[in-house]
């Protein structure tokens, strides 16, 4: 890169003493003659320096000094490239193009904003985004080339250790997998990124180590291919590895560590594994302690070991196989600790070496044989086999070779398992095209370079050769496309260096030949190199001038000197056949499998189409050459993209740029070589529009053309006229050779400088005129200010003189006045002191007297308050006692009134009976009077007829008068009887009125008394009903006792039916006849039990249909059905019918689930509507509880039994279904509570709104008609519910739990409504609530039910808040102390609901203020009422019954199941 012409004033770069470059400006050029030209330059620091003119390099200035593509630099030279990268790095631009190569400088900082999903979409969808240097631009170009050209693609990522190669490869794979979602609507076949990156912990553990330069350095290269199908969907991936650094297993430099897996194993294994593998600390092992670095800051090896184990499981390596891997690693560590000592010229191992025994045990070989082949070697001749002793150095080499051999085989096997987990074979069949990512080491050169650096640089030579071809191919294709006058040129190639390495008589061939010789050594190998290579490859091979055992190879990037000391050992890296035979016969199955795998893999990689007579072992160089050849074949068949990763500083500091280090890497990785190759052509190119826009200022505006191409040619001709060799015109672009564009930049700078000078002169004249005018104005203004200031000064002097005279006069008078006042003040002070003392003594006396008086007053007030509080408490207690006495007296009066009312009631009955009798007589007499009246009418009619017929009445006067007289007497008698009847009826009516009035009075008294008396009547009647209702259940529980007594015998008898070792039972369990009979019918009974173990047949036997059983009327059915089910379960377990029992219990759970789901609860229905569903649900609830109790009983039997096999067989099954039945039991309990809640709907109204005490009814409520259910109806409904619960044969604990939960629900809802409702309460209405709650508590006493936790006691105590006195704050304290079951917050809520009765005074203000203060106190403290909770929806733990239930009496169920014969037989046997 020669510099262009430099003139005085040009910017340039000058080399300093450190071999770096400083920015400078050319001041003077001087020709000293003899072709020696010197120049004087001024550095940026201002120092002048004289240097050789030829050493100066052109410097780019302005916008062109840090372009996005280094080939666009006007001057292409090392300092310009380095400065451009430095500027971009400081501006947080870590990516820069260098032709087709992307240079990436590691920022040593996480930059998520550089790689987010939006950026992926931007690079994928916008073609112009590829012009921006970025990892995604390379990946985008690669992906689009695959989609358009259908050609395989490869991205080569290279660089030093710690330069960011792995991270770059990771983000490239992330891009390639993420764009699948963009192209295919988010449907990605597999996340290859996650699968490949999931293997990173494994590859890092087994292939990474801490070096001097990097804490996590990859000591191998890899090539990851991502395969696509015809639809460009990702189908899989594959990982190929190259050149694992095997020597690191046995040797380390200071400050380095071995592979991470060894340290992870030591710190992360369990104590059991540590003892099993004889592991100690890392410092105790020879292979780990050489570097004196056991830990890395910020790295937790124990946690990494857990991650590694999890990753091994992910790729399909089982835990047992992982144990084998770790055992092998431990064996390698013990192998390195085997101490080989020298006796004269022979190596020897002590037989009692502990590490020898441990290594042999872990490897599965004989310790003596292992020690033998370490210190001995076997030589085969044609006639015999000779065993000779090895030297100390050779024995140690053999020991280390075995360790390296086994570790290399283990590493290749792990890579094979990773590829198997990625399903590579199937990928090859389904793949259409692929994109490969090569993460390979960059060019390496250290103070001492060995076999590893030689192979790495050999690989980089091959890649550089491919890169040279690729660059020239692309460049020349663009020249042809643009139609340039271009002849294809020859370009420099590094084939000579490659031939030096890989020819027949090259370095690798001579190395393999020396390794095959029995007496080969590194001195003879170096001699062969020096004898044969300098003549043929003198340009690339150079002998060492010193006899230091090294040779030099001139690589494309740098001349590297290699030490040949370890070349032969590292190249052969094989173990003797005796060791291979020893390990193949190992007792460790994994060792033999690993050796077979490794040998097959090596033989497959080294297949030679030409068959040779002698079978040769493959060497490291031959295997690496073969794999590198395959890689280059693969890469050459694809379209290649290059990324060079640069390490900016050695300390790994973020955003810190070290120019010397970056410069050495740029030279080593071939970036400058890339620029040199590009400069042979036309590296600088511009579109016509871009060139015209930038350089149009070189022409006057009159010469500007609308056609950009013409304008571009005019500009070019104005700068470099008649110079067609340095540029060419294409179809859409103009091309320039290297450094030509600098002339345009120089002309551009000169034009801008000339224009700037002209512009500056005009601007400076303008500003000078402005400054002059501003100065004149300022001078005029300053003069006026000064004149005014002088005038004011003269006036001030005159004013000061006058003021001085006045001040003197005042001062003299002030002095005299002050002297007089001081005398007066002294007199006053003396007087004040005297008076003060007198007043102070008087004050002290008065203070003592007032204090004594005040203390006496306070003491008397305290005694008075104390006495008053005592009296007040006594009065309150007395009031409570007197009120209770009065209440009891009132109760007795009501009882007496009720007695008198009963007497009146009996009298009323007698009067009603007499009234009824008299009414009957009255009706009969009325009928008689009617008959007589009819007869009278008939007689009157006949008389009138006779009067008309008799002409002479005197003839008939005597007989007629006699008849009339007789008839008239009868009529009079009838009328008299009728009047008597009417009088008697009137008397009876009046008596009935009086009796009715007395009955009304008695009824009123009865109603007053019924509030207290009815509870006693209910208690007596319900006690009788309870005693009678308990009779069937008592009979049932007596039957259960009988079942429990025969339980043990039944178990033994069933074991005789199904258990083969029945002879082991005691003889006294059952007699021989029963035993023989049961054993003979074993097969029949076994078949019957299997048929009975189906839920469908069982439910058909009991008449189950749609959740209802045909014998549901009695509670014996619950015991009967549960006993049959338990018997079948017990029989199935005894007969070892595990499958049938599992299906039977599963179907039983399904039936119970259907019953729960099929029960529909409807609101707003009567109690009769819920009676049958509640009875059915209670039946199934009791049945389910008995079945679950039996399963729990079986678990307790098995847990204390002696047959562990039976326990292990049945306990998991029983425990599983016991949990299922427990969940179903909770579901049934919740269903029962919902039904009970519907049955007790209206209970809140009954507790809070029932007005059962007429004396305590408010005036506002006298005319209101009560609505809803009252307290007596609620108690009747509770009685009916209690009957249903008793009839369901529930266990006592279930019965108490169910009723307690129902009372809890009623009490909580009523208490919440009382506190948070809207209706106000007086002391009378509160007394009604207290009475209603007492009736409900009394009902609990009658039934023997606990109500302590049912919220009834707080409800009972709440009315006291309304009834106690409320005059002042002390009364509030009394209320809080009396209502101890209520929190202060609840008391405040109740007091807010209080309303005085009609005619009562409102609450005093003092009491209201005390309530408000209490309320504010709890609001400020954030108090919330924690007492009122709702237990609905919580699963209540239900304890199983202690006694199981089995049904052994024959019934219709057993008859339906055809088990009657077995039941009868068992019943007889248990008698």
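Every residue, even glycine, has its Cβ placed from backbone N, Cα and C.
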Looking at the ranges 582-604, 605-627, 628-650, 651-673, which is given as region 'Actin-binding' in Swiss-Prot?
628-650
Which range of 821-864, 865-908, 909-952, 953-996 is coiled coil, per Swiss-Prot:
909-952
So, in DSSP terms, is residue 159 (ATP binding site) helix, strand, or coil?
strand
Once 159, 160, 161, 162, 163, 164, 165, 166 are set aside, which residues in the chain still have Cβ within 8 Å of the Cβ centroid of the ATP site?
106, 214, 442, 645, 647
So what pLDDT does the domain 'IQ 5' (849-869) average out to?
89
Which residue among the binding-site residues 159, 164 has the fewest other Cβ atoms within 10 Å of its Cβ, if you could check?
164
Secondary structure of residue 166 (ATP binding site) (DSSP, helix/strand/coil):
helix
Sequence-remote contacts (6 or more beyond its ends) of the domain 'IQ 1' (753-773), Cβ cut-off under 8 Å?
697
Hey, what's the Cβ neighbour count for residue 160 (ATP binding site) at 10 Å?
23
When secondary structure is assigned with DSSP, how many helix, strand and coil residues does the domain 'IQ 3' (801-821) contain?
21 helix, 0 strand, 0 coil
Can you name the residues of this chain that are 6 or more positions from residue 165 (ATP binding site) yet have a C-beta less than 8 Å from its C-beta?
157, 158, 159, 218, 439, 440, 645
For a quick check of packing: other C-beta atoms within 10 Å of the C-beta of residue 162 (ATP binding site), how many?
22
